[in-house]
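Per Swiss-Prot, these features apply:
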- 1-117: topological domain 'Cytoplasmic' (TOPO_DOM)
- 108-410: repeat 'I' (REPEAT)
- 198-203: topological domain 'Extracellular' (TOPO_DOM)
- 265-346: topological domain 'Extracellular' (TOPO_DOM)
- ASN278: N-linked glycosylation site (CARBOHYD)
- ASN288: N-linked glycosylation site (CARBOHYD)
- ASN317: N-linked glycosylation site (CARBOHYD)
- 403-557: topological domain 'Cytoplasmic' (TOPO_DOM)
- 548-811: repeat 'II' (REPEAT)
- 579-599: topological domain 'Extracellular' (TOPO_DOM)
- ASN591: N-linked glycosylation site (CARBOHYD)
- 644-650: topological domain 'Extracellular' (TOPO_DOM)
- 756-766: topological domain 'Extracellular' (TOPO_DOM)
- 924-935: compositional bias 'Polar residues' (COMPBIAS)
- ASN1160: N-linked glycosylation site (CARBOHYD)
- ASN1174: N-linked glycosylation site (CARBOHYD)
- 1222-1243: topological domain 'Extracellular' (TOPO_DOM)
- 1265-1320: topological domain 'Cytoplasmic' (TOPO_DOM)
- 1399-1416: topological domain 'Extracellular' (TOPO_DOM)
- 1490-1505: region 'Non-homologous region of repeat IV' (REGION)
- 1514-1543: topological domain 'Extracellular' (TOPO_DOM)
- 1568-1820: topological domain 'Cytoplasmic' (TOPO_DOM)
Amino acid sequence: MARKFSSARPEMFRRFTPDSLEEIEAFTELKKSCTLEKKEPESTPRIDLEAGKPLPMIYGDPPEDLLNIPLEDLDPFYKTQKTFIVISKGNIINRFNAERALYIFSPFNPIRRGAIRVFVNSAFNFFIMFTIFSNCIFMTISNPPAWSKIVEYTFTGIYTFEVIVKVLSRGFCIGHFTFLRDPWNWLDFSVVTMTYITEFIDLRNVSALRTFRVLRALKTITIFPGLKTIVRALIESMKQMGDVVILTVFSLAVFTLAGMQLFMGNLRHKCIRWPISNVTLDYESAYNTTFDFTAYIENEENQYFLDGALDALLCGNNSDAGKCPEGYTCMKAGRNPNYGYTNYDNFAWTFLCLFRLMLQDYWENLYQMTLRAAGKSYMVFFIMVIFLGSFYLINLILAVVAMAYEEQNQATLAEAQEKEAEFQRAVEQLRIQQEQINDERKASLASQLTQNQEAEITDDGDDAIKECNGKAFPLANIREPSSVKLSTEEQRSDSKSMDSKHSVDKPSLKHKAASTMSVFTLEDLEAARRPCPPVWYKFAGFVFKWNCCGPWVFLKKWVHFVMMDPFTDLFITLCIILNTLFMSIEHHPMNESFQSLLSAGNLVFTTIFAAEMVLKIIALDPYYYFQQTWNIFDSIIVSLSLLELGLSNMQGMSVLRSLRLLRIFKLAKSWPTLNILIKIICNSVGALGNLTIVLAIIVFIFALVGFQLFGKNYKEYVCKISDDCELPRWHMNDFFHSFLIVFRALCGEWIETMWDCMEVGGVPMCLAVYMMVIIIGNLVMLNLFLALLLSSFSSDNLSSIEEDDEVNSLQVASERISRAKNWVKIFITGTVQALVLWIQGKKPPSDDVVGEEGDNEGKKDTLPLNYLDGEKIVDGITNCVESPTLNLPIVKGESEIEEEGLVDSSDEEDTNKKKHALNDEDSSVCSTVDYSPSEQDPLAKEEEEEEEEEPEELESKDPEACFTEKCIWRFPFLDVDITQGKGKIWWNLRRTCYTIVEHDYFETFIIFMILLSSGVLAFEDIYIWRRRVIKVILEYADKVFTYVFIVEMLLKWVAYGFKRYFTDAWCWLDFVIVGASIMGITSSLLGYEELGAIKNLRTIRALRPLRALSRFEGMKVVVRALLGAIPSIMNVLLVCLMFWLIFSIMGVNLFAGKFYRCINTTTDEILPVEEVNNRSDCMALMYTNEVRWVNLKVNYDNAGMGYLSLLQVSTFKGWMDIMYAAVDSREVEDQPIYEINVYMYLYFVIFIVFGAFFTLNLFIGVIIDNFNRQKQKLGGEDLFMTEEQKKYYNAMKKLGSKKAAKCIPRPSNVVQGVVYDIVTQPFTDIFIMALICINMVAMMVESEDQSQVKKDILSQINVIFVIIFTVECLLKLLALRQYFFTVGWNVFDFAVVVISIIGLLLSDIIEKYFVSPTLFRVIRLARIARVLRLIRAAKGIRTLLFALMMSLPALFNIGLLLFLIMFIFSIFGMSNFAYVKKQGGVDDIFNFETFGNSMICLFEITTSAGWDGLLLPTLNTGPPDCDPDVENPGTDVRGNCGNPGKGITFFCSYIILSFLVVVNMYIAIILENFGVAQEESSDLLCEDDFVMFDETWHKFDVHGTQFLDYNDLPRFVNALQEPMRIPNPNRHKLAKMDMYVVMEDKISYLDVLLAVTQEVLGDTTEMEAMRLSIQAKFKKDNPSPTFFEPVVTTLRRKEEEWASVVIQRAFRQYLLMRAVSHASFLSQIKHMNEGPKDGVGSQDSLITQKMNALYRGNPELTMPLEQQIKPMLDKPRMPSLSVPETYPIQIPKEVTNEVILHSAPMVRQNYSYSGAIVVRESIV
């Protein structure tokens, strides 16, 4: 109901006085004393009047004297409560409690009033804010001065004063709105309290408590209202993460237990020197000491270390584990890697390892160590954890955070809409009141004046009301006071607004404005439009509008004409591109001539852009030039370029050159994709403003926490983490480095710095701090950032790229050039034709014909004349181009009409051919993939429509023509008559070949050969040279496959013809592969197989598996989706490359040639600058020492290598070396110094934020958006259904798949029956679940170094649990009999029990006979499977797993595609990188020597992990990095060098394909299905409700008949749980449901389920057809036609019963009347015979007894009545009385019971159905 607003009056704001308090108290007492019969609905506080919000506009501005003083509450909800408000400056509402503060200070106490004035004063808030910021700055000082203690006391005093002010003004804790009732004040109170505790009480761990001071930074959140909103949203999102957190922790616990069982103790396996050398034995014997084996293996000198490694080399005893070098043996010794923190020895450390693995932080290190220690086969464990944990669970957190924040946004939007609606209602009421006032005023004037005066004054009144220019006019005159209307007002002419500006308000109108709730003036609108004073606008117009004289104006017009021409924009765009190209070709080293060329080019381009700016200023005048954002941007860049030219000789000014790169953003004016994406980023940054501040505060706080807690520890215990006892690069000894560590943790790299922290600062404290950083900063905040960024990618934004019809200048210029080209072509062709005809003496065609042809050809290339805006048409000079859309020359695919625009006939024919190759179903002769034309391919659409119109042609069984018409026209002998002779034989041969290649067996055979040939490629590893027999077999097999594919190709040539074969893309792929194979065989026969070119051709065979793409339906769907996404992906890739180009060129300017260093070749250590200062010193030492002047492999020496560096930084792999080199760099050819250039860290921080975070997430956004758009195009049915219908459809879909399972009958045997009752009780399940949890805890307490006693106890506990679960299984088997195996969970339990028993029995045998422990470990995993039974007890977890199950089919398809990509790249890797030097990430396990090792490496790179280490050896080109002549044992291949071009291309392309595309498709599908699962779980009915219905049905339908007795229906629906439950009394509601009742009074399962579902969801007529179809399906699945036929419905049954009740009542009344009449007759007889007596009306009178018998239901009176009546009837009748002819001598028993049963109609009661049935039968 709309609230009523009266006109605003000053008395609306009333002071809060003692009288006000007495009124509130009196009203409260009155309300308590009043007992109202009907409870009033509970009111709620108004949202717009909450504390902290601004006063709604409708109330206007309160008078100045009422600010900052207590006022009566405006909210009606608080009118009856002891509260008051204070409105501060800015009209902010502050609400206070009216009770005494601290039981002393009343609201009228001067001290409290003073505290309130201070508290609400904005200056106080600014002072506190300044104090907080100052305090934060002081806390960041590493070595505070001596007077810092005084400053600290000052801050403490200020905070104490703030708390005192708040407590005095609000009260402490008793009552609403007191100090401690606000959670934000808890922070203030705790900070101040802890400050005093740490100052005055001597505590040991003072540093930990003093860390509370850091939380003062959080006080900044309390000052800004927007930040409070963000924090509330974050807290709400964390609340909603409950189910995901539980599932994540549960999954991690299960994986942790599995990891413990598989890898416990493995990471301690090290290579120990063995056998023991004679020197050691001699030493022991000389000193007569016994040999200490433990000390020997623990001694690090006896362990094998790789160069530069901190931990000993791991190894394993499995066949596929890492091996030790000669002279070493694998033993368990020493501590675990990484200071002992990386291990699987107990639950806690294993959980940390798995948590790190799930977050993918340096997981390649854990992966490599585990596979080396346990074996390559355990890669399967990591695949499961990565795909289920990392890809699924982490992205579920992203989805939950995004949905939670979206809900907060929706709630905020709803609140704003409610306020707007309330405001509109108030405005409407004010308008009506104002009209009434105006009408009254007119009426009073009309009654006082004459007719003429009346008309005149009335007209004036109208004018005064309508035209209030410059005068205050009421808001009632504005119909819609929204921003839209205000903007419309702003669009009025300048003259009116200027007139209105200088008028003065009258005092009377001002008084009226003060008394109105909300008043607007045109002056306010003009002020909002122009914030500066009018004088400034006059001055600007006079100075910056240059129209001084005629010649200048004439010159300006011509300059305007030139500068606004599209060709000028095209020229400037080309200059921008050329300028970027000039800057990007800068490299190191450069010769002087090249450098001079670049300098000259820079000068030329700077001159051009400066001239452009000057000419545009002349053309537009400065007044208009600087009103356009792009012009301002351009002027800044030009000014900086000119400044850079002037400062070019100064040191450090090269960075200014990089700023010229920003000019590339001007391409956004003509590049729609770039424009849209820049807008998205800008909008996201704007929308994320508050979130950015909160994230910055959190980073600041955690950096301070680390600095305060661990700063000193890093200095004291530095020798623990550094060999030279110098601080490492990552430490917390100062605030800046602490900030870098927190930022690195937010980037996902935290585990390495946490190891150092735990080593110097203690495990518990470091774990707590880091976990908070990861959970709050990484998982919540950054996911929220990503979610809001993705929300900017609405379909409207990205689809607008395609739908944008606006024509820019470059398109117009391009169109002009194309039209000129076409005109020249037509002119030349026409001239030549005319000349030829003239020579031949023929008459040339008329001009009209030529003109028509030219017009027709030019029609497609024309634009309407009004393509330009009005201001672009200068002096009537217009353009003749008339095509609304055309091709953009910068990015192909941007325009909607790629294929239509501006192509000649040959281009069109080529385009048609290409489209035909992908689109025509007949032409897909080498593929079963049907090309799906996208919306951007109109040509493909047209051809698709033609195909649909001509289906008969497509179904033709005859082959097509071999050659095109042009070929036959040029070579007529190709046209063969197929009706006779050789032509007929040729035609029959073609038809036979056509039949063969079209046969399914042929296709199956070819696919089999493709798979076989692909599998053969996997065997061609480095060991093939040692297996001569296999090598010969593979060579012959390769030839056989080649011959098979040649035959296939020849058959298809003959069958399909060249035209059709070579217009199919898949056939082209097949042709290339076969051609490469033919060339390989030919070269081997000729002896040229060792040539490099031939070897490269052989690698093309790796593409053979691509041929299988078209044969698998699942991969076909994924490929089609990928093909549809390629245009969007390419656009975003180009934008990312452009963004990165800026950073790359900036890196070249900053670091080119500066990454060189002089190193010791033995240890690879950088020599100190004291020994080597520059390159010359290093060169001098090279001749005498083992030193080298080397460059970092990945550097910024040119833009290309800069791109590679940025890719490593953006994927956080290999970025440390690059960043270290950057911060150590000095000048070119100078030796680096440790962190001499420390603030270069900021370059990488800025790039990570903008270059990595934004641009890489653009891929996710684009792929998800494209995926959703394609789904909308393909899922047509969903587009035509409403949301309610979708809910119905989902619910009905579940119902359709649901079938009433047979209930397991209770056994007849007594013992089995008792056991059945026990195992089916809910208590049994709860008991077993508790045992499973205890079992899980028992498994968690296992550890590697546990004592024998603990080991025996845990073993016995395991035996006990096995016995318990075995007994449970046996009991269930006994009770449920053969039905036990009909339940899936029972089968799972049975399998777990069997495997557990086998593991228990075999464990001794396995250990006794030293069988491989792998089998034993796998069997022990069965114990963990018991834990999975907990899933069925958790509804939320089942919902999330249901989302995963929904995703499985699509994920399987993507997995197939990913496997195919990995397979192909593995073959390429084996061909090119099998023999590279073992360096970096390449070793004896992780390499490309075999197919298995290649797959292990590529799985690692799939998550972008470790690719920098694998890339490093491929960048070696020659000595001394590698040896090109080294022999590889067992092979003929020489050398171990790589190929940088191949290596960079290989790894970059794989990362883009797998990490950025395929993995993101994986993420997109999971997010999509999570949304579906959440939608279904948030529906009124979900899967659990139907399961509950099913289980309840089985309790009533014990025999599983799928029918329920009608009389049991009320009890059944009452037994259901919410929301399906229909509580008693429910018979009337069941009747209204109108369910069918079949024979024998039964109701079917489906009818009840449909009826209950419809009751919950509501009824819609659209779903009737779906109901009928589901009924038909259910009837088909359960054929019982006779029994299923409905007899009646519940509604009809109720009507019949009600009709019977009506008949019974009428009959009862009839019987009653007869009985009373009969009793009266008998009474008369009695009185006549015996005479009148007293007490006739007493209780024992006959009528009274009869009435009592009838109405009190006392059947005992029936026999006395009959005994009294019978003797009376035997007496003779009195002749004077008329006896009725017929009357009942004896009331029948049935009737008596009926009357008794249904008597007392005045008492309302619910008749039971059993009674109704008896009545019906008795009457019948």
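Each Cβ is built from the backbone N, Cα and C atoms, and glycine gets one as well.
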Helix, strand and coil counts within the region 'Non-homologous region of repeat IV' (1490-1505) (DSSP): 12 helix, 0 strand, 4 coil
Neighbourhood of ASN317 (N-linked glycosylation site) by C-beta distance under 8 A, where only residues 6 or more apart in the same chain count: HIS269, CYS330
Positions whose Cβ lies under 8 angstroms from the topological domain 'Extracellular' (1222-1243), at least six residues beyond its ends: 588, 729, 736, 740, 1146-1147, 1150-1158, 1166-1167, 1169, 1172-1178
Among ASN591, ASN1160, ASN1174, which are glycosylation sites, the residue with the most C-beta atoms within 10 angstroms of its C-beta: ASN1174
Pairwise CA distance, ASN591 (N-linked glycosylation site) versus ASN1174 (N-linked glycosylation site), rounded so that it is a whole Å: 21
Positions whose Cβ lies under 8 angstroms from the topological domain 'Extracellular' (1514-1543), at least six residues beyond its ends: 1022-1023, 1025-1026, 1161, 1188, 1193-1194, 1472-1477, 1479
Residues in the topological domain 'Extracellular' (1222-1243) grouped by DSSP into helix, strand and remaining coil: 9 helix, 1 strand, 12 coil
Within the predicted model, mean pLDDT of the topological domain 'Extracellular' (1222-1243): 89
Between ASN1174 (N-linked glycosylation site) and ASN1160 (N-linked glycosylation site): CA-CA distance (Å): 15
ASN591 (N-linked glycosylation site) in three-state DSSP notation: coil
